[in-house]
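Please read the structure below before turning to the comments.
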Amino acid sequence: MAGLEVLFASAAPAITCRQDALVCFLHWEVVTHGYFGLGVGDQPGPNDKKSELLPAGWNNNKDLYVLRYEYKDGSRKLLVKAITVESSMILNVLEYGSQQVADLTLNLDDYIDAEHLGDFHRTYKNSEELRSRIVSGIITPIHEQWEKANVSSPHREFPPATAREVDPLRIPPHHPHTSRQPPWCDPLGPFVVGGEDLDPFGPRRGGMIVDPLRSGFPRALIDPSSGLPNRLPPGAVPPGARFDPFGPIGTSPPGPNPDHLPPPGYDDMYL
């Protein structure tokens, strides 16, 4: 039990009861498992510092001891509470990260000789049993639960993105057009209006000009270069441009006769 006697000697002036001696032993056992004491109380304080010694004010309350510890690599932090209940002491340990809890109840008379608190060699009884109970009841359960929590949620690593995913300006590889299907137009498709606007580099399809006389069969297309009073000069309307004709439709079939199905009484001059 190397180190326990030195720790007891440093804390001897403050050890005045059985529970003080037991908390001193508990502190030593926690430190031997790679932890450092930080301070007292539930919350961090301005005077916190890593130390193997008991912090100042560790036994101000003989009924409730509250100590905080941190593992040597900073991966784990413990909150240890020791509660005195008549001749017993209840030990409760919380690991902050995983929120795992372990507790242990010890009979003070089984391990502490209250008549010889000033003599280290006579203060503790059944030291090996006490140490075994602390390790099996607190240290081991906390470590096992912490390791299990880390294994159940491992850190996932994703492979780096390829150049094609991260470079939006990358030029795609060139493929010969030997197997490309020749473009063709579908004169019977009644719902291809605007298709060429959506895919300007694809095969020639319907533009934004809708032929109201289209009934599923090829007909004479509306001349998009029609203007007033004559046709627009060649090249005024680029191929595939968004352009509405603003003049007569020229050679296309005429519109409906305004005298066809006239309204009743249209020729009555007295109406």
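Placed from the backbone N, Cα and C atoms, the Cβ positions cover glycine too.
As recorded in Swiss-Prot, the features of this protein are as follows:
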- Ala2: N-acetylalanine (MOD_RES)
- 2-150: region 'Important for homodimerization and interaction with FBXO7' (REGION)
- Ser153: phosphoserine (MOD_RES)
- Arg205: omega-N-methylarginine (MOD_RES)
- Arg219: asymmetric dimethylarginine (MOD_RES)
- 222-271: region 'Disordered' (REGION)
- Arg231: omega-N-methylarginine (MOD_RES)
- 251-265: compositional bias 'Pro residues' (COMPBIAS)
- Ser252: phosphoserine (MOD_RES)
Helix, strand and coil residues within the region 'Important for homodimerization and interaction with FBXO7' (2-150) as assigned by DSSP: 61 helix, 42 strand, 46 coil
C-beta crowding around Ala2 (N-acetylalanine), within 10 angstroms: 7
